[in-house]
């Protein structure tokens, strides 16, 4: 699991920009990042799984069972690799089609977001200004109290705390007022954005493109299933030695335990 977490962390920390820096490629799209994340995660799970199998076989229970899981793990890993290679082109086609068919929706939503952002920006700027003014006023009121603390030290600490409490409460109340005012001004735009999103989704639902894409997706899933059958059969065949070895060993242990009980 540490390997998986490390792989996920590296992917998120580096992202597409690290790949672009080293390989000088064009920056990745969000779809590419999703696919890369899936690949890295699967590889990390495979590597960490082999590590856990190795740890289990070297344990006392693993030595007693003697399942020889590690011998079959590499074969299983190569089978999974072949499965990924066979299904890769079909999956790539699915992502490409989905990205193309929803391009207009992303474009319209970005346009709506930019429009709303332009309308609410003055309110955000006003809120930031008010915030800075309140902080500056608080600091101004704090300066004489700080000097008083330095001069009076410990004996005036309690008195200083009593003076600071109403100042902090006053700042909190004033900022709460500004936040409420900003929320009131932003509510219509939030409702407007929600309505526009619902409208865009309704357009997507009623568009003939979606119905056509639904048919394409069904065909894609059917083709995916046909291509997956041989690879999944190989995967099943690769797992059979593991299951048979496990079953044989367990039956042997049960039989041995039964003989010991009967002998008693």
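Cβ atoms are placed via backbone N, Cα and C, with glycine included.
The Cβ of residue 109 (methionine sulfoxide) has 16 other Cβ atoms within 10 Å, all protein chains considered. Under the heading methionine sulfoxide, Swiss-Prot lists 109 (among others).
In sequence order, 112, 113, 116 are the residues near residue 193 (methionine sulfoxide), counting only same-chain partners six or more apart with C-beta under 8 A. Annotated methionine sulfoxide per Swiss-Prot: 193 (among others), in sequence order, evidence recorded as similarity to another entry.
Long-range Cβ contacts of residue 240 (methionine sulfoxide) within its own chain (separation 6+, distance under 8 Å) are none. Classification of residue 240 (methionine sulfoxide) by DSSP places it within a helix. According to Swiss-Prot, the methionine sulfoxide annotation covers 240 (among others).
Feature annotation from Swiss-Prot assigns region '10 X approximate tandem repeats' to 67-264.
Summarising the annotation, Swiss-Prot assigns repeat '1' to 67-88.
Feature annotation from Swiss-Prot assigns repeat '2' to 89-110.
In the predicted model, the repeat '3' (111-121) shows an average pLDDT of 78. Annotation comment: Swiss-Prot describes 111-121 as repeat '3'.
Annotated repeat '4' per Swiss-Prot: 122-143, in sequence order. Within the chain, the repeat '4' (122-143) has long-range Cβ neighbours (under 8 A, six or more residues past its boundaries) at 164, 167, 171, 174-175, 178-179, 181-182, 185-186.
For 144-165, the entry in Swiss-Prot reads repeat '5'.
Residues or ranges marked as repeat '6' in Swiss-Prot: 166-187. The repeat '6' (166-187): residue composition by secondary structure is 22 helix, 0 strand, 0 coil, according to DSSP.
Marked as repeat '7' by Swiss-Prot: 188-207. A Cβ distance under 8 Å defines the sequence-distant neighbours of the repeat '7' (188-207), meaning residues of its chain 6+ beyond its ends; these are 102, 105, 108-109, 112-113, 116, 119-120.
Marked as repeat '8' by Swiss-Prot: 208-229.
Positions annotated as repeat '9' by Swiss-Prot: 230-240.
Feature annotation from Swiss-Prot assigns repeat '10' to 241-264.
According to Swiss-Prot, the feature signal peptide maps to 1-18.
The list of residues near the repeat '6' (166-187) in space but at least 6 beyond its ends in sequence, with Cβ under 8 angstroms from a Cβ of it, reads 120, 123-124, 127, 130-131, 134, 138, 141-142, 145. Residue 109 (methionine sulfoxide) carries a helical DSSP state (H, G or I).
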